[in-house]
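Enquirer: Here's a structure for you.
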Amino acid sequence: MSRFVPLLGFVLLVALFGFGIWWNTGHDQHEIVSPLINKPAPAFSLPVLGDETQHVSKQQLLGKPYFLNVFGSWCIECVHEHPVLSEQVKNLGLPLVGFNYKDDPKDAAAWLTEHGNPFDRVIVDRDGRAGIDFGVYGAPETFLIDGKGVIRYKHVGPITPEVVEKEFRPALAALAKEGG
Amino acid sequence: MIPELGQFALVLALLLAIAQGVLPIVGAWRGNGALMAVARPAAAGQAVFVFAAMGILIHAFLAYDFSVAYVADNSNLALPWYYRVTAVWGAHEGSMLLWVFILNVWTVALAALSRHLPQPFVARVLGVLGLIGVGFLAFILFTSNPFLRELPMPADGGDLNPVLQDPGMTFHPPVLYMGYVGFSVAFAFSIAALLGGELEQSWVRWARPWTNVSWAFLTMGIVAGSWWAYAELGWGGWWFWDPVENASFMPWLVGVALIHAQAVTEKRGSLPAWTVLLSLFAFSLSLLGTFLVRSGVLTSVHAFASDPRRGLYILGFLVVVIGGSLLLYAIRAPKVATGKAFAALSRETGIMVANLLFTTAAAMVLLGTLFPLIGDALNLGRVSVGPPYFGFLFVLLMAPAVLLLPFGPYLRWGKAEGRQLTAMALRSGIAAIVCTVAAVFFAEGRLRAIAGVAGAAWVAAGTLAYVVKRWREMPRGRRYPAEMAGMLVAHFGVALFLIGVMLSESLSTERDVRMAPGQAESVGGYQFRFDGVRETTGPNWRADEGVVTVFRDGTPMATMHPQKRTYSRGQVQTESAIDPGLFRDIYVALGEPMDSGDVEGAWALRLYHKPFVRWIWLGGLFMMAGGFLAAAERRFRAKKAAATAGAPAKEQLA
């Protein structure tokens, strides 16, 4: 019977991939990409990159909407999205907060020197605890958090210019309409 | 009009692939010579139309035909012609066309070089390759058509990802695919053997040169990819364990196991079922790699959501090809599996142990790559395992392989004698100890460097001792047949690779520094003087270019020009400057100006000194050369002639 073992192993793999496809289509970001959408962002107080004695908390960021971008120096896709982040997203005019996820702050600082630093400030989540509260799947991910500290929108995966036009702008427009 | 011809060519290729996939296999089953004879002309026809489609897509890029959406997305007026050609495989649709293109290169080569093989066997092999072609051509036509129009036509296109605008990228994908797709030939041989229930093992001898050549191409592709990542990503790293790299590494690991298992089966008739299974695994992992990379199931959820049809299609295709072949194996393996027994201490056992280590390593990489997905499935959240997992387990699995490697050639087939092995172990052991003691002085207590030197000396001494033994004991002309020479070269490459990895990982120094013009910093015994930044331009970019002069003991060694390029569509890309050397690389990457308004002022720079890093790729190139060399073995050709004459293949005891 041992000759059926490879086939059985493969059946398990297919089940896993089938699940992956179902999960990814079922978790389309327009629908339920995060159960936290339209819920208050989790409370956090994290050290600032470069000066770990200083902390930034959720309260300090209240008052004005901002983008929170999850990145890490170990993340290849982050390199790909970086130019878009530095140009198109930056041009949207909102503060950009970097969320350095599961990374060595030294590597992160070097990475930002290397590729350029589009962030207004960068907070460090070294062990990924705060990431769990935010429901981070991996890097890169980008949250839009409004002035009241509510998560309004989340994008999973690298940002492309198309995503900025078709998703970020509408999300911002919705935010502006509500405010005005 | 021309792009429509490309699409039409793909449709015709698909129809011919169906003919090539169905008729010869039916013919071989029914014993119908006319149907079997369809295989070659159909394969040639499919190739003509696929080559035409490829040519038309290249033409569309060269002619700036932005009415083709794929061309408009991946090129623009400013892109130089050579990058417009390579832009063909710069994104999904074109990569898939490249896949089919290379499948056809292999199929045509096989059709041309298999005239002496029995007709039913060739019919089955070409048939299986035809069916694979059907799968990919249908995938292209239904979900990933590179010839779709975009109207109205944009005046100018987007851009090829700047990361891909590098000489390394021009030949990395085609070479890698030559390897990936080449495993389809070994796969087709195995399926044909299972279908035909070949009782004798002659098919393994026919398959061996093809497997060795594909593996050598795969090695070259991985080396090129690693070199490209090192030079282009500006990070000084050469391997990242990221899913795309793992996708090419898994078939490579299984390929190592496969080429050794094939040697056992061909020469000794042992382990035939295992060899069949490994050929299925090697190609399955190539397909799986394509699935993982192309479906976006791992890397980015977004790419997937944009077109779930692609992922579903590939998954269906995987089920048919891999599931079908494993089912066939389960049903037919008893017919093929009449392996000869061997003693516990024999070359067969040695190869079997190495095989298990390499397949376990491949399984370990697969598990690590799929971990995020498993995490989702078991509701653990998205857990990624990074380099620590891979680094630890991989070293754990490969250390015994390195330890056993020099014994390989000394082990006799069937039953080995312990005496020769102890003699070998003694010599290599002494060499390793001497080198280790030397390394202790020179590596200043860095354990990894010392371990690397010890391992490399052990492997190199064992391999060279065998070279000497053959020289002494064998008559001229019979000392190093191509197959053996290939084995020795590749094993020696392992020693070089070990040196490269262990020494560069442990002895490299890097510094992030802020440097004003005229200022000098010292790294790894070299002095780097920053001479300011000037502006420069290329065909489709402008750049800030730093000038760094490197001194050793006061004498200038090199002037380096790291760049920070801005491409025509605003993407920023760093080009690191590398001063290569056999014993060390000097690597400089330009960061940001400290004061963004003041380009004349101080800049952030990364300075690296990387001893022996080049040996990593040198080792890889030796392994590749070994693969090509072994494929040139005379016996592979001589025996084919015997098969033509209808003589039963005699057992070879070399």
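Backbone N, Cα and C define each Cβ position, glycine as well.
TrEMBL: automatically predicted annotations, no manual curation.
Per TrEMBL, the feature domain 'Cytochrome c assembly protein' maps to B:89-295. TrEMBL lists B:315-634 with the feature domain 'Cytochrome c-type biogenesis protein CcmF C-terminal'. TrEMBL lists B:6-26, B:47-72, B:96-114, B:121-142, B:177-197, B:249-265, B:272-292, B:312-331, B:389-411, B:449-468, B:480-503, B:612-632 (among others) with the feature transmembrane segment.
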Enquirer: Does the transmembrane segment (B:312-331) make contact with the transmembrane segment (B:177-197) through 3 or more Cβ pairs under 8 Å, each pair 6 or more apart in sequence?
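Expert: Touching, yes - the transmembrane segment (B:312-331) and the transmembrane segment (B:177-197) meet the threshold of 3 or more Cβ pairs under 8 Å.
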Enquirer: Average pLDDT across the domain 'Cytochrome c assembly protein' (B:89-295)?
Expert: 88
Enquirer: Other than its close neighbours in sequence, what residues sit by the transmembrane segment (B:480-503), given a CB gap under 8 Å and a spacing of at least six beyond its ends?
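Expert: For the transmembrane segment (B:480-503), the nonlocal Cβ contacts are 212, 263, 402, 405-406, 408-409, 448-449, 451-453, 455-457, 459-460, 463-464, 466-467, 470, 611-635, 654.
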Enquirer: Which residues, given as numbers and ranges, are at least 6 beyond the ends of the transmembrane segment (B:612-632) yet have a Cβ under 8 Å from it?
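Expert: For the transmembrane segment (B:612-632), the list is 208-210, 212-213, 215-217, 219-220, 222-223, 226-227, 230, 238, 259, 482-483, 485-501, 503-504, 507-508, 580-585.
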